[in-house]
């Protein structure tokens with residue numbers, strides 16, 4: 001019987017990821033050439049940061065090139081699939097995060113007011129998602145105060161650690177946008193992700209408390225009957241600025257990126273902030289008037305609506321990271337640090 005035709009040996013990674021482009025394979029250390037030839041280095045290393053630049057240096061053609069590369073990387077980096085992974089771990093982390101939020105909030109304010117104050121944010125979430133979150137918060141708040149008070153530091157840390165899984169998934173996704181390999185040690189990575197998790201929970205609690213405190217503060221200001229209107233107007237720009245600075249910090253310290261420069265206002269953070277608000281309101285309107293998840297998914301309709309909302313939010317955050325990454329790359333190309341010929345989509 002004749003010998004079978006020779007077959008090219010394939011590694012497991014080749015079998016699983018054989019459809020990846022050479023650029024993407026090179027970024028993650030996968031073979032892109034024959035074994036006897038050296039693989040070319042990835043075209044976008046992003047290991048160093050560009051020299052200090054102003055966004056005003058970028059003309060219309062530069063911004064157009066950035067927009068084209070962001071659109072290209074949306075497909076190459078598989079943002080929809082990566083965001084789906086972030087959504088899965090984010091959903092697992094959501095309810096432990098709510099437990100930690102109520103526990104920390106109760107240290108500084110009446111925890112029974114947290115559900116009422118969160119009603120202000122309902123317009124930014126699908127109805128089923130907001131009801132699901134409100135129901136969980138009410139269940140936590142309605143627990144006997146003795147039981148909640150006996151939630152020791154160990155119990156709080158356990159909730160934070162469980163919520164930390166969603167943040168680590170997001171940090172891993174940001175590395176993809178920045179073309180980075182995770183090289184931080186296990187301890188450092190968990191410290192960074194725990195810091196973002198705890199900071200995010202405290203920030204949300206502070207914003208919820210501000211909704212209730214701000215009107216009382218304005219009462220002591222000489223604004224007369226205009227105080228209530230002023231409180232309603234101020235809270236939204238304040239939340240916008242806080243969210244934008246939080247995203248700027250996430251883009252700065254989230255990915256494993258050396259020598260990154262801090263930017264108070266980054267294009268990606270501005271885009272993500274506006275995008276989160278707009279997409280949340282549009283999706284909430286769509287879910288309330290057109291989509292009937294309960295009819296399709298039954299009792300899981302609220303969970304599906306929440307997952308869709310988290311998935312869209314994750315994609316918006318990832319696109320913001322891609323924008324910052326490509327803006328920095330544009331500066332590096334202008335400085336000659338990255339060859340313009342390395343662009344994969346021009």
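Please read every residue number as a count from 1 along the shown chain.
From the backbone N, Cα and C atoms, a Cβ is placed for every residue, glycine too.
Heads up, TrEMBL stuff is auto-annotated, nobody curated it.
The region 'Disordered' annotation in TrEMBL covers 33-53.
With a cut-off of 8 Å between Cβ atoms, the residues of this chain six or more beyond the transmembrane segment (88-108) that come close are 114, 133, 136-137, 140-141, 148, 151, 155-156, 158-160, 162-170, 197, 200-202, 204-205, 208-209, 303, 306-307, 310, 314. Annotated transmembrane segment per TrEMBL: 88-108 (among others), in sequence order.
Under the heading transmembrane segment, TrEMBL lists 153-179 (among others).
Under the heading transmembrane segment, TrEMBL lists 191-214 (among others).
Residues or ranges marked as transmembrane segment by TrEMBL: 234-253 (among others).
The transmembrane segment annotation in TrEMBL covers 265-288 (among others).
Distant neighbours of the transmembrane segment (300-321): 70, 74, 77, 79-80, 82-84, 86-87, 90-91, 94, 125-129, 131-133, 170, 173-174, 177-178, 247, 250-251, 255, 268-269, 271-272, 275-276, 279-280, 283-284, 287, 291-294; these residues of the same chain sit at least 6 beyond its ends, with a Cβ under 8 Å from one of its Cβ atoms. TrEMBL lists 300-321 (among others) with the feature transmembrane segment.
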